[in-house]
Amino acid sequence: MNGAGHIFRHFADHIAQLQHRAELMFEREGMTFLAIHSGQLKKRFLDDMEYPYKVNPHFVPWCPDAQELPNSWVLLQQGQRPKLIVYQPQDYWHFTLPVGDCEWAHAVDIETIATPEAIEKFLPYDKHQGAYIGEHIEVAKALGFEQINPDPVLNFWHYHRLFKTDYEIDCLARANVLGVHGHRAAAAAFANEGSEFDCLLAFCEATKMNEADAPYKPIIGINEHAAILHYMRQSKQAPQNHRSLLVDAGVQVAGYASDISRTHSARENEFTELVVAVDQLTQALTEKLRPGLGFPELHQLAHEKMANLLFAFGFITTSPDEIMAKGLTRYFFPHGLGHPLGVQVHDVGATQLDERGTSVPAPEQHPHLRTTRNIEPRQVYTVEPGVYFIDLLLQRARDDGHGKLLNWERINQFKPYGGVRIEDNVVVYRERNRNLTREAEHYLDQQP
């Protein structure tokens with residue numbers, strides 16, 4: 001696999017673009033500085049042990065090793081280079097990252113503090129023209145900030161985070177290579193009749209990741225567990241009969257996440273045909289991503305194609321047009337088609353029209369859709385259609401008076417497999433799309 005070093009080739013240009021955005025924000029908001037707090041470790045209730053550290057996502061784009069730097073800051077001041085202020089205590093209990101030796105360090109000015117309180121000497125005395133971005137409100141107030149996570153500032157950065165720099169795309173591409181490698185290891189563990197936990201261990205070993213490093217808790221469901229959309233239990237007991245495996249898992253590279261789903265059949269049968277059909281549907285939908293298209297339109301197209309699939313496999317007996325008219329696809333495909341991807345798995349800005357924060361409402365036919373804006377170049381989206389056999393939703397179809405339109409004998413044949421989800425990560429450009437997940441699969445196929 002590619003070495004990690006290549007992801008930093010565009011880092012200096014990435015920082016320059018972020019700095020340009022900051023200057024635009026300062027001018028618009030009448031501000032002179034912005035202090036971004038990485039966050040702090042938190043102790044468990046009535047315990048001296050800490051929760052795994054999760055960094056402020058606004059800190060990540062400025063610092064590739066952000067996940068290892070609690071109590072640190074990015075200080076942006078009008079007309080000056082970004083300053084990374086790193087907490088490096090005189091401590092023999094914990095590892096301290098030597099940030100100054102990192103490959104990317106030349107792109108920012110780096111200072112260190114030995115105690116969290118020492119940040120005060122780097123902050124402007126007058127806080128009226130500055131703002132604090134971070135989780136710890138009590139810290140911001142103690143430092144004298146009046147503007148704490150102001151909406152105009154958050155809206156500005158959330159909007160611009162939708163548009164990925166070359167550095168960010170490199171990170172996402174690398175995260176897809178590692179993620180696909182992990183998925184293949186999990187599938188191999190399943191083929192070897194392993195448990196869900198065995199598949200998790202195989203994924204983590206292949207990606208050199210522990211669960212705390214993961215961008216989200218891996219979803220690994222064997223057989224009926226694939227019907228639970230966010231199944232995270234990971235049974236340690238292998239089933240007597242391996243029929244299907246659904247894995248939804250990703251990797252972080254410099255804080256940027258992949259979010260990949262694959263489904264496998266233990267043997268060649270009709271469920272294999274369903275997996276292939278959903279895979280083809282995913283690829284067809286990724287090719288439809290284009291600038292100017294509203295994401296709800298793509299979501300609607302997914303349901304239209306899903307109606308054809310459900311009819312073709314005999315799960316619903318009425319015509320695709322009638323399936324759409326009665327909204328029957330929602331009993332089998334109950335979630336959104338996709339979402340923006342970046343430093344957060346469900347990245348910000350999905351419903352945001354502009355940098356002022358104007359909201360784009362969900363369409364009437366899909367009121368719970370969480371990605372509602374138009375697609376634009378340099379945005380990255382997941383595309384993840386799925387077909388599931390969920391008792392709760394199937395019973396709801398009966399309760400809604402649609403039971404007679406469903407082929408229950410056919411559905412019961414597939415229920416032991418749980419369901420299928422195939423998810424790719426796609427960069428949209430003006431003239432083309434770049435499917436990072438398929439690209440990663442092709443790259444790994446070429447390796448000895």
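Each Cβ is built from the backbone N, Cα and C atoms, and glycine gets one as well.
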To which of Glu297, Glu423, Glu431 does TrEMBL also attribute binding of Mn(2+) 1 at the site defined by Asp259, His339, Glu384?
Glu423
Using C-alpha atoms only, work out the spacing between Asp259 (Mn(2+) 2 binding site) and His339 (Mn(2+) 1 binding site) and round it to an integer in Å.
10
Can you tell me the mean pLDDT for the domain 'Xaa-Pro dipeptidase N-terminal' (10-159)?
96
From the Cα of Glu423 (Mn(2+) 2 binding site) across to the Cα of Glu384 (Mn(2+) 1 binding site), what is the distance in angstrom?
4
I'd like the Cβ neighbour count for His339 (Mn(2+) 1 binding site), meaning other Cβ atoms within 10 Å of its Cβ, all protein chains included.
20
Using an 8 Å cut-off from the Cβ centroid of Asp259, His339, Glu384, Glu423, can you name the remaining same-chain residues around the Mn(2+) 1 site, in sequence order?
Asp248, Ile260, Ser261, Gly338, Leu341, Thr382, Val383, Asp424, Asn425
